[in-house]
Amino acid sequence: MAEEIKDKQEFQIGAEEPDSSNVASQAKRSAESELASTADANDKKSKKKRRRRNYDDLDEKIAQEDKASATSGANKEEDSESEVDDEKLDQMMVKEDEEEDDLSEIDSSNIITTGRRTRGKIIDYKKTAEKLEKNGEVGKDDDDDEDDEENDEEFKDPAAPAPAPASPTEPK
């Protein structure tokens, strides 16, 4: 077993030793990669170099336009004011149209005029109150506190003793 391990190690070491042909091909590859990397570096430098934009031509054009407008200055000012007024009117028209659209989308039949929501049913509360009085169902909700105490006693453990009510005169 130990001999097999030594043989494997020697084989691996022998495989790692470079041949003369491998050395030559590796040297060629490294030289080619160096040339390619320097060429890429030069290309990158030239791409990074940017000239500052020359605005002098633009300035000259603007100066010429200003001179031309100075001769007809009054007419242009009136035109610009009327354009501004037109824009304001257009914006106001658009706003009014939007408001009208909002109001047209609202269905007045869905507006609740009373303070109670009934999920679409129209209820006359006066009539329902009269019907409840006739049936004797008025005042049912008044006795809720007593019902709660009765329900509590029903659910209590029968083996557990009931707590004695505390009297206001006894010291705590």
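Cβ coordinates come from backbone N, Cα and C, glycine included.
The shown structure was predicted, so the numbers you read here are calculated from the model rather than taken from an experiment.
For the compositional bias 'Basic and acidic residues' (1-10), the list of distant contacts is empty: no same-chain residue at least six beyond its ends comes Cβ to Cβ under 8 Å. Taken from Swiss-Prot, the feature compositional bias 'Basic and acidic residues' applies to 1-10 (among others).
According to Swiss-Prot, the compositional bias 'Basic and acidic residues' annotation covers 54-68 (among others). Per DSSP, the secondary structure of the compositional bias 'Basic and acidic residues' (54-68) breaks down as 13 helix, 0 strand, 2 coil.
Marked as compositional bias 'Acidic residues' by Swiss-Prot: 78-88 (among others).
Taken from Swiss-Prot, the feature compositional bias 'Acidic residues' applies to 96-105 (among others).
If you look up Swiss-Prot, you'll see 121-139 (among others) marked as compositional bias 'Basic and acidic residues'.
The compositional bias 'Acidic residues' annotation in Swiss-Prot covers 140-155 (among others).
The feature compositional bias 'Pro residues' is assigned by Swiss-Prot to 160-172.
Sequence annotations record features per position, and here Swiss-Prot assigns region 'Disordered' to 1-172.
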